[in-house]
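Enquirer: Just dropping this structure here.
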């Protein structure tokens with residue numbers, strides 16, 4: 001028996017695009033049932049009133065504002081008719097529970113929010129009599145406010161700020177939100193100096209137009225880079241390399257120049273104005289220190305980047321060939337560029353729905369009296385508590401399902417392009433055809449693959465939550481074990497993501513189930529292990545350079561745009577926001593290109609394994625890949641002719657199946673050395689440990705994980721490749737006659 005009960009076959013016959021059938025139907029039905037359960041949770045919150053309580057609000061006695069209510073047993077002021085009272089008013093809106101992130105104040109349903117500041121209980125009485133609404137608890141009559149003995153506990157805290165209702169949610173919110181600003185300061189616990197937080201927030205507020213402009217610039221640069229990939233892919237590697245080197249060196253130089261300039265200006269100012277205000281001098285010193293930190297961080301980043309590029313220089317030719325083919329794919333399938341927008345839109349719609357239902361759950365359940373405040377709250381009790389966990393599982397699974405649908409859609413379009421010999425006979429809309437094929441045949445495969453990722457992601461998220469909750473309480477051994485488990489699960493998740501992506505491509509080719517496709521794809525990848533390592537290393541690195549180029553260009557433009565602000569400590573939040581957005585946009589666009597390259601490689605490996613260019617077994621590959629193969633054959637033949645005739649066939653076979661083993665092993669050792677060096681430098685720069693401690697930790701991980709894994713892939717590649725004779729590869733009559 002094969003994977004998941006499938007029948008074991010001695011040899012896989014790849015028949016691209018010939019047969020099409022539904023795959024993994026039980027998993028599709030399971031996913032549909034799960035989604036029905038997600039919809040059932042939403043229906044439960046609507047039927048039980050949770051949605052209405054969130055939208056219309058409810059008072060501290062369990063009455064929903066704007067509608068009739070039923071009596072709650074044991075609560076005297078429940079069951080009131082609040083049809084005319086559509087707004088929720090908090091007696092003390094600034095009494096916020098930081099831990100629970102909610103307002104700890106009595107809430108009442110009122111007909112109108114206070115449209116002016118009320119300073120005395122006489123003002124409360126006047127407002128209540130004129131507008132026919134109570135701002136104190138329902139049992140207190142409006143004309144008794146000034147002299148009632150319980151006015152201090154059952155009336156709003158004076159002065160009552162001017163309020164206005166929130167759109168849609170009907171909560172009376174103070175016009176002056178200064179108390180919420182204090183809450184924000186309390187939440188940001190890592191900032192010990194409130195004045196610094198005020199300055200950072202002020203910097204963001206003053207630079208909002210610049211932030212928006214820089215975000216648009218990042219989007220334009222990402223689109224421009226996709227155009228460059230389409231039309232000048234052969235020069236892309238060298239262009240990116242030069243621009244990233246110049247951009248990193250230029251950005252680092254500018255930061256050092258600003259630091260030196262500001263330091264000289266600070267020294268001159270201190271000499272000329274020795275009696276100057278101490279606060280201004282301290283601010284100048286903080287600015288100088290901030291610039292020094294920025295320049296040092298940029299220098300460390302530039303050094304690490306140059307070390308990585310020093311190693312990658314040998315694998316540029318293969319990357320250029322792959323990128324040329326991927327560029328042709330984007331020329332024939334231009335709508336691939338829109339995939340990030342569609343995926344983000346789908347995720348955004350689902351996330352908005354998920355958050356709304358989560359908020360509905362927060363106001364659903366049975367009424368319970370809070371023992372501390374005496375107020376009525378609605379909580380899920382008994383088995384209903386598991387609805388929140390079910391809803392959380394849905395967030396991960398459905399999000400992964402949407403991302404997997406993007407991968408399957410791209411894989412289906414690329415497979416159609418590759419295995420169509422006459423590119424002029426491609427479907428009018430290959431992307432739409434791939435989407436329809438996915439919806440008709442392969443949703444079960446996508447559901448199964450995304451569920452496997454969910455099974456790995458959820459334990460990692462739970463461990464991360466536990467680690468954050470126990471921070472500062474656990475011992476060093478427990479902290480190390482939790483971090484190691486998180487790291488291992490993260491590595492497993494990345495490996496499964498890569499395998500799933502290739503499994504989706506195999507499903508798009510042969511219309512096989514997930515397990516069968518994953519097994520077939522894994523066999524192909526193991527047979528080409530060294531090529532996989534080379535392509536992923538170089539391809540991912542080049543795309544990483546593209547992301548870095550967009551981020552550094554946007555950050556450099558931000559430095560120039562924010563240079564008019566001499567208070568350099570205010571740069572940090574705007575630049576962080578802009579850089580994060582730029583990286584997110586670049587990642588969304590370039591991830592599509594990465595998927596295209598990976599799918600093309602799988603198709604190329606299948607093509608070269610089952611076809612040899614002879615009649616009846618013609619290659620599917622296009623002209624660019626054919627030229628690359630022919631050049632590789634000529635280079636291999638030229639090298640082998642200079643060697644002994646006895647070794648010629650064996651070494652030429654090794655060249656085609658995975659390049660010369662000796663050279664690849666040397667390259668692998670060089671990569672491992674550079675990899676270890678970069679890991680040590682990064683850990684040392686980002687952690688508080690000494691260099692020796694970082695070296696010891698990384699050596700242990702290297703010996704236990706990286707070295708055995710790379711060695712295993714090398715051995716598998718040597719054992720799995722199919723022998724090919726030198727005659728078949730070079731078409732040399734002298735070799736064929738022997």
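The backbone N, Cα and C atoms fix where each Cβ goes, glycine too.
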Enquirer: Out of 441-466, 467-492, 493-518, let me know the one TrEMBL marks transmembrane segment.
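Expert: Matching range for transmembrane segment: 441-466.
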Enquirer: If you check TrEMBL, which stretch out of 291-311, 312-332, 606-626 is marked transmembrane segment?
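Expert: Going through 291-311, 312-332, 606-626 one by one, TrEMBL gives transmembrane segment for 291-311.
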Enquirer: Quick one: sort out which of 344-362, 363-381, 629-647 is the transmembrane segment according to TrEMBL.
Expert: 344-362
Enquirer: Labelled transmembrane segment by TrEMBL, one stretch among 395-420, 655-680, 681-706. Can you tell me which?
Expert: 395-420
Enquirer: Considering only Cβ pairs within less than 8 angstroms, which of the stretches 210-229, 344-362, 395-420, 441-466 has the most against the transmembrane segment (571-593)?
Expert: 210-229
Enquirer: Give the nonlocal contacts of the transmembrane segment (441-466) in its own chain as ranges (CB under 8 Å, at least six residues past its ends).
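Expert: Those are 20-31, 393, 396-397, 400-401, 403-405, 408, 482, 485-486, 489-490, 492-493, 496-497, 500, 503-504, 507-508, 511, 513-514, 517, in sequence order.
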Enquirer: Does the transmembrane segment (541-564) reach the transmembrane segment (344-362), going by 3 or more CB pairs under 8 Å (6 or more apart in sequence)?
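Expert: Touching, no - the transmembrane segment (541-564) and the transmembrane segment (344-362) miss the threshold of 3 or more Cβ pairs under 8 Å.
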Enquirer: The transmembrane segment (395-420) vs the transmembrane segment (210-229): three or more C-beta pairs under 8 Å (separation of 6 or more)?
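Expert: Contact between the transmembrane segment (395-420) and the transmembrane segment (210-229): absent.
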Enquirer: When you scan the chain for residues with a C-beta under 8 Å from the transmembrane segment (344-362), skipping those not six or more beyond its ends, what do you find?
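Expert: Residues 38, 41-42, 45-46, 50-51, 54, 380, 387-388, 391, 394-395, 398-399, 402-403, 588.
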